[in-house]
Structure formats: structure tokens, C-alpha cells
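Student: Structure in C-alpha cells, see below.
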Amino acid sequence: MDTIAAISTPMGEGAIAIIRLSGPEAVQIADRMYKGPKEKKLVSVDSHTIHYGHIVDARTDQVIEEVMVSVLRAPKTFTREDVIEINCHGGIVTVNKVLQLALREGARLAEPGEFTKRAFLNGRIDLSQAEAVMDLIRAKTDRAMNVAITQMEGRLSGLVQRLRGEILETLAHIEVNIDYPEYDDVEEMTHRVLVEKATSVKKEIESLLSTSHQGKILREGLSTVIIGRPNVGKSSLLNSLVQETKAIVTDIPGTTRDVIEEYVNVRGVPLRLVDTAGIRETEDIVERIGVERSRQVLKEADLILLVLNYSEELSEEDIKLFEAVSGMDIIVIVNKTDLEPKLDVEKVKQLAKDRPVVTTSLLQEKGIDELEMAIQSLFFTGSIESGDLTYVSNTRHIALLQAAKQSIEDALEGIEMDVPIDIVQIDLTRCWEQLGEIIGDAVHESLIDQLFSQFCLGK
């Protein structure tokens, strides 16, 4: 493999920036750029050491930057290759000069995610662990971060490998029974034993899949739409949850003319919170565009926060909103409880059916805690911070687990129908292969390229 280089820290001004190199010539390339005290040579220093010096353009003898250089030799590195990390002052011009010098000395500019890709290809991590690196970078809450870390540490990989081991052991047992029926040393794979083993695998796959809904919420955020008639307090609710003024809050109905989106951490649940223009008929062209966008995001929502006005009677428009979100996960928020009551709350509870109804006075900052608790309890039972569960959050993993579950169910159905054992063997083998794809066993190269292309440059 050639040697790659990239800036591993965000571009812009900052205290420190890092340029990373990885590959067989990483140390030699850095050595040609580096000038240390007492003629120190990086090619001669020990692994996992850091060295003060300067980056110098050998052609002009110009000092480019004062640096600290980390030397990390294979195989005890992230990529299992020789790795150099040049720590310099943050700044667009200086950092790019150091990178350009590394490229001139023989490195190639890394592709997005190529360092992590090399870690995978060199056996340092499996594919699910590699994907967890990006999940960690993109985590919006502490819990999402913890889920990514447990996956990086190999908890999901370990479970998948154990399941594959159980299936492989069963397949080997079947193979011996088929090819060497005369062997008395090997116990016969009876109908009962085969059902027990396949059922055990199925239950474990189902257990993993049972965490997928919550896992996807933690990974991607809960698409949450705030709806209600104009001027019931939708934008005030958004601002209360975000805790800063993002939407325009006035007494004029219809002020929010577009869709406003913001990520919010609610008791460990990441909400992709959307405040919409009121869904109503309007002659205003700009407002009408906002209303149409509101209808679209409503269809795609995971959670609806339906806001009502405590100081006004329930209107036909309110009832239509209840009808529009029928069958969806909703929390009804009765706002403006600081004003004179006119709303029939019992009627609201009837319309809400068994969905939560929370009373608030956003002006007086009352009811927000109760709303946050309602959101958490709607999607997570017990403490969301529990580290006992292995959450499956990646869409690719979920699809493969669902396919593996179908394969094991096909095997069980075949056993019950008393089909030939070699047919059952095909279904078990397919299940084994599908589980293997989660950790990157026998994955097509184009899929690997596509997955790592989503990473940021320098990772």
C-alpha cells in the first residue's frame, strides 16, 4: 500500500491542528520534513514517542512551522501501519503548507475514511466497529456516544461472532452426520436438538432486533414535529426545548412561515425537532409554501407534539389536526394555562385516547419537565442510561439481522416439515453468511468503498 496523508482536525483557526500520515513510508516522509534538536532523526526514534522540532522545506531551507511529531510504528497503531501525527498550530495556511509538503515528499492525499478503511482491511477492527467510529463522531447525546463506544469496543461483534460460532458448530455436526453416518463417536443431530439450537439462535437475533427501534432513535434522532393552530405557542415550545431563540415569537398568527429544524437532547433522547407553519388554508403565497412543507414533514415524523390553547375553545381546526395524526405517536400539549381557561380538557383527553396529555405555561416556564419525561417514557422504559443493553442502531445491521431471522425461520419450518437435512443446512448457512456481513466477513468491495466514503477526511 502507498502512504496517505490528510488533515485530521476540522479546518479553520484553532490552537492545534493535526496532519496524519499512514503507510510504509510515513516515517521516512516525515523525517525528510522534520528538523529536530541535535540532528535527531525520526527514523531512529522509538515507537510511540513524541518529538519537538520544526517542519522545514528542504528545497528552500525555510522553516514552515514549529511542531510536535508523534511516531507510531506498526502493528500497534490504529491502521496497523506506520503512523505519523504532526501537531502544529491551527490555521488554514500553515496547516495546508505542512500537508502539501507531505504530499510533495511522496504521500498521497487520503480519501474520506481511508484511515479507518485501512484499519478494517488490516484486521484492526471489523466492519461494525468501523461504522461505530462515524456514529461516535456524529453522536448527539451522551447515550448515543455510549452506544457507539460499546460497538467500537466490539460488544455487537462479539455477540454476532458467538451466534455464528453456534451455527457453524451445528453445520459441522450435520455435515459429519451426512458424510460419516457410521461414526459412533459423534452424537446424531436429532430433530429435537436441531430445533433447540435453531430456536436459540432465533431468540438471540430477535433480542438484538428488539433494540433496533430505540437504537435508531439514539443514532439518528427522533423526527419530532410540532403542530397546532397559529399562535398556540409552537415556536415558544421549540425555544423552551432548545433553550435559545431560533423561531420568531410574536402575537401575530402565522409568523412561522417555514419549517425550522433543530437537534435537542431531551433526557438522553435526541430529538430532530421541527417547528412547522400552522397547517391551515391561507392566501399568503409564502405562508402557503410553509404549510405544504409542514404537511410533508408530518408524514415522515416519528413523534407529533400537538399544541392546543388553554384559553380558547376547541376548534374545528384542532379536531382536524387530531384526525390528521390518528394512529401516530403523539403527545398533546395544553399550553397557556396561565390564562383564563376555556378549553374542555376532558374532551381533549377523549380525542387523545390513551396518548399523553401535558399541561404547560411556556410563558411561565411550567410543564417542560413533565413534557420531557413523557417523551422519554413514550420510547424508553426505565433508565435510558442503562449500559446493559447492546443497541442495534445501524440500518444495514438491522436489515441483515432481519434477513438472518428469516433464514433461521426457514430452517425451523423445514425441520418441522421434515425436509431433507441438507436443505435445512442451506438455510442455516445463509443465516451464518448474513450475520457475517454485519462484521464484514465476505462483504463486496463496492459496499466497503461506499460505507467508508461517508466518513470525514482524515479519519
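Don't overthink the numbers, they just go from 1 along the chain as shown.
From the backbone N, Cα and C atoms, a Cβ is placed for every residue, glycine too.
Annotations per Swiss-Prot:
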type: BINDING; residues: ARG20, GLU85, ARG124, LYS459; note: (6S)-5-formyl-5,6,7,8-tetrahydrofolate binding site
type: BINDING; residues: 231-236, 250-256, 275-278; note: GTP binding site
type: BINDING; residues: ASN231, THR250, ILE252, THR255; note: K(+) binding site
type: BINDING; residues: SER235, THR256; note: Mg(2+) binding site
type: DOMAIN; residues: 221-380; note: domain 'TrmE-type G'
Student: Which of the binding-site residues listed here (ASN231, LYS234, SER235) have a Cα atom within 10 Å of the Cα of ARG124 ((6S)-5-formyl-5,6,7,8-tetrahydrofolate binding site)?
Tutor: none
Student: Looking at the binding-site residues ASN231, LYS234, SER235, which has the shortest Cα distance to ARG20 ((6S)-5-formyl-5,6,7,8-tetrahydrofolate binding site)?
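Tutor: Closest recorded candidate to ARG20 ((6S)-5-formyl-5,6,7,8-tetrahydrofolate binding site) by Cα: SER235.
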Student: Going by a 10 angstroms cut-off between Cβ atoms, which of the binding-site residues ASN231, SER235 has the sparsest surroundings?
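Tutor: Comparing Cβ neighbour counts within 10 Å for the binding-site residues ASN231, SER235 gives ASN231.
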Student: Specify the count of other C-beta atoms within 10 Å of the C-beta of LYS234 (GTP binding site).
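Tutor: That number is 29.
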Student: Quick one: give me the count of other CB atoms within 10 A of the CB of LYS459 ((6S)-5-formyl-5,6,7,8-tetrahydrofolate binding site).
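Tutor: If we count other Cβ atoms within 10 Å of LYS459 ((6S)-5-formyl-5,6,7,8-tetrahydrofolate binding site), we arrive at 19.
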Student: Check SER235 (Mg(2+) binding site) against DSSP and tell me helix, strand or coil, would you?
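Tutor: Its secondary structure by DSSP: helix.
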Student: Among the binding-site residues listed here, ARG20, ARG124, whose Cβ has the fewest other Cβ atoms inside 10 Å?
Tutor: ARG124
Student: Run through the Cβ atoms and count how many others sit within 10 Å of the one on GLU85 ((6S)-5-formyl-5,6,7,8-tetrahydrofolate binding site).
Tutor: 20
Student: Of ASN231, LYS234, SER235, which is closest to GLU85 ((6S)-5-formyl-5,6,7,8-tetrahydrofolate binding site) if I measure between C-alpha atoms? They're all binding-site residues.
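Tutor: Of all the candidates listed, SER235 is nearest in space.
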Student: Summarise the model confidence on the domain 'TrmE-type G' (221-380) as a single mean pLDDT, whole number.
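Tutor: Mean model confidence (pLDDT) across the domain 'TrmE-type G' (221-380) is 78.
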